[in-house]
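Feature list (source: TrEMBL):
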- 48, 49, 50, 51, 52, 53, 63, 64, 70, 92, 127, 128, 171, 181: FMN binding site (BINDING)
- 53, 110, 114, 118, 177, 178, 179: substrate binding site (BINDING)
- 22-147: domain 'Pyridoxamine 5'-phosphate oxidase N-terminal' (DOMAIN)
- 158-200: domain 'Pyridoxine 5'-phosphate oxidase dimerisation C-terminal' (DOMAIN)
Ligand SMILES: Cc1cc2nc3c(=O)[nH]c(=O)nc-3n(C[C@H](O)[C@H](O)[C@H](O)COP(=O)(O)O)c2cc1C
């Protein structure tokens, strides 16, 4: 199968990293913004943006509050889909796969790399729970700041999720809507990838 140029390579993680690196040069902001889709207990899909923080050797990692709506949905049903779209490049990457928590040293290191205000904010926000006013939130931030001091540990309810893909599709805009699409699929994690060109 002819698969050159943008789509060349034997490792889809490497291709995704390459595309993201290009987007970092051309996107106005947040080239690592991804729409993350989960499914709730009724089977109703849910979607929101998160920031993709790492494309590791085996997955796509983002960070959040484990008690948030997405955190609960992923805990109950550890499967997810993501899509990245770069307007400046006219490209998208779609990812579907199995989800696990990333809550060891990697999560500690990422948490420690964030600004102190963000680290305290993670402690203060009961993400996705009702909030009666902004004043209540700011009072909580002040209380946490006094309690935790300048070097707060990573909250036990905050950390990463990793999507280990069973499917990754690379899409690039073509003239007259004749786009190029290549999908990488595998039966399970650790199995071989099968690559197909798809109709646009
Ligand atoms: C560009 C962008 C990036 C975001 N990145 C994150 C993120 O990395 N982690 C996160 O928890 N929420 C992030 N958010 C907020 C989420 O979209 C969402 O409002 C929040 O996580 C609560 O979602 P939930 O109630 O479905 O759990 C981001 C929002 C935008 C618009």
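If you go along the chain as it appears here, the first residue is 1 and each next one adds 1.
Note: Cβ is positioned from N, Cα and C throughout, glycine not excepted.
What TrEMBL says about a protein is an automatic prediction, not a curated fact.
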Candidates 48, 52, 63, 70, 127, 171 (binding-site residues) with Cα within 10 Å of residue 110 (substrate binding site): 63
Cβ packing number for residue 110 (substrate binding site), 10 Å threshold: 17
For residue 48 (FMN binding site), the one of 114, 178, 179 that lies nearest, given that the binding-site residues are compared by Cα: 114
Among 114, 177, 179 [binding-site residues], residue with fewest other Cβ within 10 Å: 177
Residue 179 (substrate binding site) versus residue 127 (FMN binding site) - Cα distance in angstrom: 39
Binding-site residues compared (118, 127) - the one with the fewest other Cβ atoms within 10 Å: 118
Whole-number Å value for how far residue 177 (substrate binding site) lies from residue 70 (FMN binding site) (Cα to Cα): 34
Residue, out of the binding-site residues 50, 52, 178, whose Cβ gathers the largest set of other Cβ atoms within 10 Å: 52
Cβ under 6 Å from ligand 1: qualifying binding-site residues of 48, 50, 53, 70, 177, 179: 48, 50, 70
